[in-house]
């Protein structure tokens, strides 16, 4: 099993990152480099979280093996005389290799590759790709140029911070600049920035995640919040539609002014390809390509203005499509919550849906998750399950807050994470060590990462599920993950006292800690910021519990869901009315479809039977006449087709030919109806040469 656990987790984490990226990104429409860059960033961050427990168990085994090797000479030195030179007596130290043991030399190389790749992504590649994906340029060179200009200030800030650390180290006479120390300074700068943001996100997630599950057990709360979201989303949806109309109007003007032989026509065609299909058809019908661009002295837009318009088109189309999809999803959620509220008082204990799902249900799932099981789960078991889960998560949150405030104390050990790991280390229960480490770091990761998925910075950064996240937000999330994960892991190792700089013990460090380097170069960070700044999580948890951030946003004019607010009540009523209106509209559609289906089933079969009986008893001559009249009527009602279709109908069916005795005739014979008076003074249907042909 040596190295097998590492290989299995590498494969599992890859598919986990791929699944999450497929949920939020769009593999078909987004650029491949955006997908690959985001997938690599998410994959490396998740990999660090999953592999770190294996590093802890391997380090504990190596410490045990090292202690056993050091204790053997001591035991043998007690043997007197010639026995002192004999073979050492085997140690009785209870060391055995864990099932997930990773051979020496693999973990340092693995961590070094993973860490420096993630740092290269977050500080250099992903910011450049963000500007490249958001650029409205029409060529690769133009997009690269725009990305370099936008990131000049970004990279200059990093160089300034790094230069400040270099000056500090150079001024200190007790320090000498070496490559390892420079590397440590860079790592310290990156981890300091990440730890600053980590504590903010962690303080929010430790309170909000248990509270969200507790409120999830309240049906009335969820339904009111859904109504509130519907009112806000409708406003955003209307704004997105209005913005799209304005941008499409600008595109229409540009499309009409720049003709086919203009040098910038290729840029306009590129913009038109990004527009919705209905707008492309409207603009295509109004094009006058026979006009040359230099025939009229008009003012034409510049390439710079077209680049700006291209950027606006990409943004407005993405936002419009996202709001449309989110509106449909929110409607389904609201309808389902209303169904749950109605079925709670059901005497039959059968879950009844107001609207059937448009997608075909899986028969295997439908067999086990039948209406009875669904009723017991949704109306009876799920609320209690959410309450129990909220209590368990609250206990975890209290343990994390306590450990963050006391992990620097080594005598006595106050951090509960360190107590659990040290108890397992005494018995060398590697399975328990890995499970405890995994659950601890997994909970910390959920609190931090879920906040990254929840936060929304206006329309600048927003992770929307169901493939509605734009490229810029995906890359930004990858940057955040790569910056948050290393300090998160260092914080976890400090909580468990596996970091020697926290435990102040001369023990073998983990392979991950050895890659980070010794922070003694920057003592004010190692002994100050890393120790005392995480205590700020207590204040952040209190602020989140009393919803201070939500109240501040409400005061600033950003409506947030609060039960004791008049604006919230108004938006809830508005959303309820919107949901009711959409529900009536969908009910009318279903009723219309049902009526058409019933009419087709009732009268369509009778019509087929009567037609079949009439055809059986009809005379052959009458059948021939019927076919001819049918062909005539068919030719009459196919005039709206194009000329090619009409020519084919004229060849295949018995269509009346043109009356060449008339003075004038139309280009299309099918435009002349039977019985229409022609300029020649006769009706075509009464032509002498055709009057008895059908008899």
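The backbone N, Cα and C atoms fix where each Cβ goes, and this holds for glycine too.
Per TrEMBL, these features apply:
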type	residues	note
TRANSMEM	6-21	transmembrane segment
TRANSMEM	33-52	transmembrane segment
TRANSMEM	109-132	transmembrane segment
TRANSMEM	152-171	transmembrane segment
TRANSMEM	183-207	transmembrane segment
TRANSMEM	384-401	transmembrane segment
TRANSMEM	431-452	transmembrane segment
TRANSMEM	472-493	transmembrane segment
TRANSMEM	529-548	transmembrane segment
REGION	582-644	region 'Disordered'
COMPBIAS	588-624	compositional bias 'Basic and acidic residues'
COMPBIAS	625-641	compositional bias 'Polar residues'
REGION	662-695	region 'Disordered'
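Of the Cβ pairs linking the transmembrane segment (529-548) with the transmembrane segment (384-401) and spaced 6 or more residues apart, 3 or more are under 8 Å, so the two regions touch. For the transmembrane segment (33-52), the partner stretch with the most Cβ pairs below 8 Å, chosen from 109-132, 152-171, 431-452, 472-493, is 472-493.
Using a Cβ-Cβ cut-off under 8 Å and counting only residues 6 or more beyond its ends in the same chain, the transmembrane segment (472-493) has close neighbours at 21, 24-25, 30, 34, 37-38, 40-42, 44-45, 48-49, 52, 56, 115, 118-119, 121-122, 126-127, 129-130, 133-134, 187, 190-191, 193-195, 197-198, 201, 404, 417, 437, 440-441, 444-445, 448-449, 452-453, 461-464, 499, 502, 510, 512-513, 516, 530, 534. Within the same chain, residues 35, 38-39, 42-43, 46-47, 50-51, 54, 100, 102, 106, 110, 474 sit at least 6 positions outside the transmembrane segment (6-21) and bring their C-beta atoms closer than 8 Å to a C-beta of that stretch. Away from its own ends, the transmembrane segment (183-207) comes close to residues 119, 123, 161-162, 165-166, 169, 397, 400-401, 444, 446-448, 450-452, 480, 483-488, 490-491, 516-519, 521-522, 525, 529-530, 533-534, 536-537, 539-541, 543-545, 549 of its chain (Cβ-Cβ under 8 Å, at least six residues beyond either end).
Among residues of the same chain six or more beyond the transmembrane segment (384-401), those with a C-beta under 8 A of the stretch's C-beta atoms are 202, 206-207, 209-211, 213-214, 216-217, 416-417, 443-444, 447, 537-538, 541.
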